[in-house]
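What TrEMBL says about this one:
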- 69-91: transmembrane segment (TRANSMEM)
- 97-118: transmembrane segment (TRANSMEM)
- 139-157: transmembrane segment (TRANSMEM)
- 237-261: transmembrane segment (TRANSMEM)
- 282-301: transmembrane segment (TRANSMEM)
- 313-332: transmembrane segment (TRANSMEM)
- 344-365: transmembrane segment (TRANSMEM)
- 385-403: transmembrane segment (TRANSMEM)
- 415-436: transmembrane segment (TRANSMEM)
Amino acid sequence: MDGSLNHNKHLKEQFVSNLTGSSMLEIAVMSTVAPLLSVLRHSICSSYQTVTPAKKNDHDNAILGSKKLGNYVATLSVDFLFIVLPMLLIFTVLADWVYMFVIPMMVLVFSVVTANRFDASNYPGGPLSLRTNVSSYRVLMMIITFLCILAVDFKIFPRRHAKTETYGTSLMDLGVGSFIFANALVSRQARSVSSANWKAAVQSTSPLLLLGFARLLTTRSVDYQVHTGEYGVHWNFFFTLSGSILIGFQYWLSHGLNVYLLSDERGTDILSKNKEGIFSILGYWGLYLVGVQLGYYLFFGNRSTTAFRTIKWARVRVSFISLVFWLVTVLLDRHVERVSRRMCNLAYVTLVLAQNLQVLAILMLSDFNAGSKISALEEALNRNLLGSFLLANLLTGLVNLYVDTLFIPSLSALAILLAYAYCLSIITGIAGFYGVKLKFW
């Protein structure tokens with residue numbers, strides 16, 4: 001296209017089209033390895049004191065904070081080597097060996113946690129709080145997201161992990177659903193279901209709507225590649241009748257709506273042009289409502305219990321519910337309708353719930369580790385989740401505009417991805433060190 005900033009737009013769109021995904025087993029295994037890396041880092045973090053970021057208004061300690069910045073960046077770099085680098089390798093060059101890593105990783109983490117547990121006297125403090133575990137889970141979802149959104153544009157990223165066209169399961173299929181669930185789990189509605197109202201729901205989702213419109217404008221203005229089947233809609237209202245919404249939507253899909261949504265025919269009206277996104281609102285809405293109710297049930301509904309009992313039983317409940325959703329997903333996928341992110345059908349919703357709760361349950365293993373601490377990188381990302389997400393999308397767009405991602409050699413692609421991930425980690429960390437925080441809520 002003459003005058004286009006993205007000369008290979010059509011080829012890039014074809015590169016991410018007509019894909020069928022991988023298997024649920026592979027997703028489950030990858031959802032085990034990734035949080036185990038965080039648990040391992042939490043265990044090692046318990047053996048030293050992390051560098052405290054400088055406070056934004058602490059002028060008296062400005063010089064001291066500057067001296068500590070170097071140590072803080074070094075700590076962030078170690079966190080990057082322990083958490084982000086292995087994940088990037090597993091998603092790309094080591095993807096075919098992920099099954100070989102899961103057992104050794106489990107043994108290693110079990111050994112470290114056990115050793116620290118028997119040596120608990122050397123580590124002051126107790127287990128991580130529920131709030132910290134949930135924060136760590138949301139950060140891990142963000143790390144996976146910012147790694148995949150750029151890696152998918154390179155051939156080094158297996159096509160089975162990219163978004164599926166119609167039916168199927170893949171790592172990137174879980175992105176939108178996980179984002180919605182992670183926000184629902186800690187939403188204001190989850191903290192107080194009985195007091196939720198429409199005004200609060202609109203206020204909590206307005207930033208997502210603004211970001212959606214901003215993404216539309218920016219991708220159109222630079223002629224960025226956009227897959228025609230990709231109409232992710234974040235429409236997060238709240239509570240009650242989530243089961244009715246999901247079951248009713250699935251009934252509608254199974255009785256002809258799925259044929260209409262997956263067909264290539266599009267009319268001239270706005271509904272037909274955006275049919276996937278508009279109708280999938282029902283599925284994402286139901287997912288959000290389930291997330292709100294699970295957040296209340298798992299974390300916010302039993303405030304009268306002691307902290308230790310809450311953590312202990314929350315871990316048991318999360319693990320059990322995750323297993324139930326995995327079983328339900330398999331049954332739905334085989335006997336009702338295959339998983340489809342594009343339509344956000346019932347099987348997709350239960351898959352998102354199963355995978356996310358599995359990740360959270362594994363992260364909660366840090367509670368067995370006396371004196372366990374969240375890593376400095378996770379703290380930095382948690383303070384600036386929105387900022388890191390926006391920066392990741394900006395950097396991804398820049399790389400795509402100035403690098404021929406489809407034809408670059410594998411070694412160069414890996415180098416670019418490493419530089420991108422490291423810069424994103426360090427910039428977010430330094431922003432947090434100086435008290436910079438981007439937050440709409």
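For all residues, glycine too, the Cβ spot is worked out from N, Cα and C.
Note that this is a predicted model, so its numbers are computed, not measured.
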Review point. Given pairs 6 or more apart, does the transmembrane segment (385-403) have at least three Cβ pairs under 8 Å with the transmembrane segment (139-157)?
Key: yes
Review point. Near the transmembrane segment (139-157), which residues from the same chain, at least 6 beyond its ends, have a CB less than 8 A from one of its CBs?
Key: 12, 15-16, 34-35, 38, 83-84, 87-88, 91-93, 163, 171-172, 175, 178-179, 182, 356, 359, 363, 378, 381-382, 385, 388-389, 392-393, 395-396, 399-400, 405-406, 408, 410, 413-414, 416-417, 420-421, 424
Check your understanding: With pairs closer than 6 in sequence left out, are the transmembrane segment (69-91) and the transmembrane segment (415-436) joined by 3 or more CB pairs under 8 Å?
Key -> yes
Exercise for review: With a Cβ cut-off under 8 Å, give me the same-chain residues at least six positions beyond the ends of the transmembrane segment (344-365) that come close to it.
Suggested key: 24, 27-28, 31-32, 34-36, 38-39, 109, 113, 133-134, 136-137, 140-141, 169, 173-174, 177-178, 181-182, 246-247, 249-250, 253, 258, 280, 282-284, 286-287, 290-291, 294, 311, 314-315, 318-319, 321-323, 325-326, 328-329, 332-333, 336-338
